[in-house]
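Residues or ranges marked as Fe cation binding site in TrEMBL: His175, His239, His310, His512.
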Amino acid sequence: MQDIIARNGLETPEPLKAEVKGSVPPWLQGTLVRNGPGLFSVGKSEYNHWFDGLSLIHSFTFHNGEVTYRSKYLKSDTYRRNVKADRIVVSEFGTMVYPDPCKNIFARTMTHFRNIIPDFTDNNLINIIRYGQDYYASSEVNYINQVDPLTLETVGRVSLYALKNHIALNLATAHPHYDKEGNTYNMGTAIIGLGRPKYIIFKVPANASDKDPKKPALRKVQQICSVPFRSTLYPSYFHSFGMTDNYIVFVEQPFKLDIVKLATAYFRGVNWGSCLKFDEKDSTFFHVINIKTGKVKSLHYRTDALVVFHHINAYEDDDHVVFDIIAYNDSNLYDMFYLHNMTKETDNFIQTNKEFSPPVCQRFVLPLNDSPKGTNLVTLTDTTAQAVISTGSNESDCSAGMELPGINYNFNARKYRYFYGSRLEWSPHPNKIAKVDIVTKTHIEWHQENCYPSEPVFVASPGAEEEDDGVILSSIVSSDPSVSPFLLILNAKTFEEVGRASIPVPVHIDLHGLFIPAKS
């Protein structure tokens, strides 16, 4: 596995036909587009952290039982500058870059200036998201890059710091939500801009796209509301959020960004990743915001310190908001992804990370109505969670070791039963994928020796009524040189293999992606 973790990926710019074993359901028509780090060294310079690698987008297109593969690097400004210089010249999360001493004073001054204000990288390596009918490579910075999901060509860059309606974001999540009408909802952080620092929740209408590529869908962005930081100089880090039919659920966790350290990181010789700190003595606060009115619920919810990256689902049930997350007891996960950690032999890796807090699925139930002090506000009968005035909200576990959760998105914001995810066992990269039944608290798995699956993506069968009627798609790489990379297709009900499409070229390990149905 160590050989493929930090291996520079290769582009496959033209469609390449895969070899199918088993079968591809004839109704499966569309393209699975996925994103992740693919270039870990430029010239003689190397990145320090796996999340620093330059974005390599790849796709699996399904058409009449056949599968074709292609991949292209995101031609971001960061990519172009690095390749032109034949070295890493743009700083990333875990890699701070300093001027080449051979450059002239003007070039060195410009490098210093770009690193003082950390808003310049547009290496969008985390996900593929949709605004209107436009698709974007996205990370958590203030730039996104529009891409053509069929050709994977980079269309152009959009700044989230220069949006309409006085919205200026320094950070934004790569995990938006989509409602039944096709509108997109997302959250961002405004550190520098108009007014006091705040979190901003915004919406982009489904009809926001225009035939003119110079008119991106984000020009029609609408602010739903803003939530002030609890502490002006220590905003909470957030990777995702929850959404029900009527509410946004924002977890303000004690995993915080130190603004002063961020502003001085370049001069102190440290990377930006070191500016994130977990305060185990602080509480975790839950904000429930009405989507239609933009008002935050007057009830304040809090629980013990935790760290969350991924929400699973959220829904409303009898005057309660129920939401499930993947939670950790600390923030050590990011440290595991430094490449000097990831490339260790398995025994050394386990020894180094034996204090690692495993991910746990936790359910929180937030009552929307007040009640006398000391009384359990939760009145649902299918949960053991409690919420008491002045003592916060208590959670109940439903599965351990799961990450990168996904659901049948037709059940997003609805009461649901199943989620799918990757199982982590002493490695930052999963070696199993699983289906979890949150009612029975059981799960079933897929596993193949020396194989490492990507985040499982659920695609529903046409006209499906049952929640798990569909297939699971996952891109698989193997440390066994005799096993080619392949796209795995599982029956979502049984987790039995339906088919696999072997790819005759190297495939990189990715992070997140999106299935885009073919237009009928």
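The backbone N, Cα and C atoms fix where each Cβ goes, and this holds for glycine too.
Same-chain residues at least 6 positions away in sequence with a Cβ under 8 Å from that of His175 (Fe cation binding site) are, in sequence order, Asn127, Ile129, His239, Ser240, Phe241, His310, His311, His512. Neighbours of the Fe cation site: apart from His175, His239, His310, His512, residues of the same chain with C-beta atoms within 8 angstroms of the site's C-beta centroid are Ile126, Asn127, Thr173, Ala174, Ser240, Phe309, His311. Considering other CB atoms within 10 Å as the measure, the emptiest surroundings among the binding-site residues His239, His310, His512 are those of His239.
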